Amino acid sequence: MDQSGLAPRRTALYLLDQITGEGRLMAELIANGVLERLAPEDRARAQSLVMDTLRGMERADRLLQKNLNRQPGLTVMNALRLGVTEICGRKEAAYGVVNSYVEIIARNKRASQMKGLVNAVLRKYADDGAEAWDKLRTPRTPKWLRDPLGEAWGAKVMTAMEEAHFKGAPLDLTAKGDAAALAERLGGELLPTGSVRLQDPGQVTALDGYEAGDWWVQDAAAAIPARLLNAQKGEDVLDLCSAPGGKTLQMAAAGANVTALDISEERLKRVHENLERCGLTANAMQGDALEHEGRYDAILLDAPCSATGTIRRHPDLPYAKDGSGFFALMELQEVMIDRALSLLKPGGRLVYCTCSLLPDEGEVQIEELLDRNPNVRVDSSIQNLPWVDPAWRSPEGGLRLRPDFWPERGGMDGFYMAVLRPTA
Ligand SMILES: C[S@@+](CC[C@H](N)C(=O)[O-])C[C@H]1O[C@@H](n2cnc3c(N)ncnc32)[C@H](O)[C@@H]1O
C-alpha cells in the first residue's frame, strides 16, 4: 500500500493518545520533540489532524457511537476519531484513510487484533459520512469546562464561543513599526486595535519580514494589555510574567526601559530569541515575581492562568486538563497582584490581565482586590478609548474579551484586562 500518509497519521495518533490519555498539552509534546522525526510538511499535517479531531471531537464521537457496541481502548478509539474526522470533517477520500488507520493499528502490538474493527467501522462513513457530519450541532466543550463557562456567560454566549472554538483562528501580527504599511505589504487586514490579521497565512517563518523582525505573532486580544499600559519612551517598565515575550516586545518597541521577568529559564529563551530577531532591547531575566524587587513607572502582570481564552488555537486544552489545577492559579494571581502593586512608583499604573474566560481569574480578582485594598482604583477611562468596542466594557471598569466577538473577522482570544492605579 501507499505509505506516504502513514507517518503523520501515526504521529497524530500518538499525540491524541498523550493529550486525551495522559493529560499532556500539545505545546509541551512538540517542545519535547515529538514532531522532529517527521518531514516539515508531515509535521504540519500531523498537527492539523490532531487539532481538527479535537475541535470536532463531539461530532466524531456521535458518528462513531452509531457503529460501536462498546467503546474500544483509547488508541483504537482515537484512531477511529482521526479516521472519521478525515473522512467526514476534512472530506478526504475514504480508501486511503481507512487503509492507513488499519495498517497503523495492525502494527500496534497491543491493539493489532482490533484492525478488523477499524476497517469495518471506518468503511461505513465512506458514502454519506460527510453529509452526516455537517448536519451535527457545533461541537460542545467538555462538561467540566462548559458548566462554569455557561454559568458565567449564559447558554447563548456559550454556543457562540463554541462556534468560534470550532472555527479556529486566523493569524494576527503586531508590527514593530507602521501597522497600516505592514497590513498592505502582507495583504492583511488592519484591525481597529492596530493588529494585522492574515486569514490564510501559510508558513509563518516564510512570511515577508519574519527574518527582518518587522513583526511578531500575537493574537489581537493579547496585544491590547500593552496598549492599555501605554509605556512611554524612557519609562521604567516591568513585565512580571513575560515569556514568550509578545508584550515585552510591544513595550520595548515603544522605547521604554523594559525589565522582562519570568520564572521559567526555558521559556525565557523565547523572550531572548524574539528580542534578538526583532532587534529590540529589554533586560530579560529569570526570577520569581513574588520575590522581585525594584520600583517602576508601569507594570504589566500577565498572570499564569487557565488559558481557557486560547482554545481557538489550543483545542487540546479542554481534553488535556480537568480544571483541578485552576484554584491554585487563582490564589497565585491574587498574591501576584498585591506584589505588583507594591513595586509601583508613586503615580504608577498596573495592567492586570489573563487569557482566561473564567471570571474568577478576571473580574472577580479585581472586585476582591478592591475589597481588600481601598487605596487602589480601577482606571475605567480606558473603556472610552476610540478603538474599544462598547461590548467589551466590564462593570468594574476593565475589558472583557471573548472568542465570539468580531465573528465576521474571525474572532479573538478570550482575555480579561484592567488598569489599576494606587491612590495613596
Ligand atoms: C500567560 S504567560 C505570559 C505570556 C507573556 N506575557 C506574553 O505576552 O508573551 C505566564 C507566564 O508566567 C510565568 N510565571 C509563572 N509563575 C511565575 C512567577 N512566580 N514569577 C514569574 N513568572 C511566572 C510562566 O512561566 C509564564 O511564562
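Glycine is treated like the rest: Cβ placed from N, Cα and C.
Annotation source TrEMBL lists domain 'SAM-dependent MTase RsmB/NOP-type' at 133-423. Taken from TrEMBL, the feature S-adenosyl-L-methionine binding site applies to Cys241, Ser242, Ala243, Pro244, Gly245, Gly246, Lys247, Asp262, Asp302. According to TrEMBL, the active site, nucleophile annotation covers Cys355.
Overlay of TrEMBL annotations on the structure.
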{"residue": "Cys241", "record": "S-adenosyl-L-methionine binding site", "Cβ neighbours (10 Å)": "22"}
{"residue": "Ala243", "record": "S-adenosyl-L-methionine binding site", "Cβ neighbours (10 Å)": "24"}
{"residue": "Gly245", "record": "S-adenosyl-L-methionine binding site", "Cβ neighbours (10 Å)": "27"}
{"residue": "Lys247", "record": "S-adenosyl-L-methionine binding site", "Cβ neighbours (10 Å)": "28"}
{"residue": "Asp302", "record": "S-adenosyl-L-methionine binding site", "Cβ neighbours (10 Å)": "23"}
{"residue": "Cys355", "record": "active site, nucleophile", "Cβ neighbours (10 Å)": "26"}
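Annotated pair Gly245 (S-adenosyl-L-methionine binding site) and the residue listed as 'active site, nucleophile', C-alpha to C-alpha distance, rounded: 14 Å. For Cys241 (S-adenosyl-L-methionine binding site) paired with Cys355 (active site, nucleophile), the C-alpha to C-alpha distance reads 13 Å. Across the fold, the C-alpha of Ala243 (S-adenosyl-L-methionine binding site) and the C-alpha of the residue listed as 'active site, nucleophile' stand 14 Å from each other. Taking the Cα atom of each, Lys247 (S-adenosyl-L-methionine binding site) and the residue listed as 'active site, nucleophile' are about 13 angstrom apart.
Distance between Cα atoms for Cys355 (active site, nucleophile) and Asp302 (S-adenosyl-L-methionine binding site): 8 Å, as a whole number.
Secondary structure at Lys247 (S-adenosyl-L-methionine binding site), taken from DSSP and collapsed to helix, strand or coil, is helix. Per the record's binding annotation for S-adenosyl-L-methionine, residues Cys241, Ser242, Ala243, Pro244, Gly245, Gly246, Lys247, Asp262, Asp302 show a top Cα-Cα distance of 13 Å. Within 8 Å of the centroid defined by the CB atoms of Cys241, Ser242, Ala243, Pro244, Gly245, Gly246, Lys247, Asp262, Asp302, the record's S-adenosyl-L-methionine site, lie the Cβ atoms of Asp239, Thr248, Ala260, Arg267, Val271, excluding the listed residues themselves.
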